[in-house]
Structure formats: structure tokens, C-alpha cells
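The block underneath contains the structure these notes are about, expressed in C-alpha cells.
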Amino acid sequence: MRVLYLLFSFLFIFLMPLPGVFGGIGDPVTCLKSGAICHPVFCPRRYKQIGTCGLPGTKCCKKP
């Protein structure tokens, strides 16, 4: 029975996703912490999209 707990813990750690592997920014707090802005529809001129701000159509934009 103890072996099952050990097995489950190893599987959990092994299958846990790594940060940064599945894309960039996905919420407004992370966007603002990275020094970017949330902007609807498209990024302004001279800004580059680095993620989304959680809502559909809202982009996280940062100056390159």
C-alpha cells in the first residue's frame, strides 16, 4: 500500500507541466507584471503581442 503512494507521487511530479512550456501569458496580472499592457482587438503600432489577457480578443502587448 505504501508503494502506491510513492508511485502516485512520482507520477504526479513526472506528469506535472513545466512553467513556460505551454505558451506565454494568459491573464492580466501576469501581463502587467511583465511590463506589458492589455489592449483589445490588436496591439498598437510598435508593440508586439506576447500573450493574451484572459478575455477573448484581448491581447497582451509589449514594446520590443
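Cβ coordinates are placed from backbone N, Cα and C, and glycine is handled just like the others.
Annotation note: Cys60 (disulfide bond) sits in a strand segment as assigned by DSSP. Taken from Swiss-Prot, the feature disulfide bond applies to Cys31-Cys60 (among others), supported by experimental evidence.
Long-range Cβ proximity for Cys53 (disulfide bond), meaning a same-chain Cβ under 8 A and a gap of 6 or more residues, is found for Ile25, Asp27, Pro28, Cys31, Cys38, Lys59, Cys60. Summarising the annotation, Swiss-Prot assigns disulfide bond to Cys38-Cys53 (among others) and lists experimental evidence as the type of evidence.
What Swiss-Prot records for Cys43-Cys61 (among others) is disulfide bond, and it gives experimental evidence as the kind of evidence.
According to Swiss-Prot, the feature region 'Phosphatidylinositol 4,5-bisphosphate (PIP2) binding' maps to 33-48. Model confidence over the region 'Phosphatidylinositol 4,5-bisphosphate (PIP2) binding' (33-48) stands at 92, taken as the mean pLDDT rounded to a whole number.
Marked as signal peptide by Swiss-Prot: 1-23.
Neighbour list (Cys61 (disulfide bond), Cβ cut-off 8 Å, at least 6 residues apart, same chain): Ala36, Ile37, Cys38, His39, Cys43, Pro44, Tyr47, Lys48, Gln49, Ile50. Counting every protein chain shown, the number of other Cβ atoms lying within 10 Å of the Cβ of Cys43 (disulfide bond) is 17.
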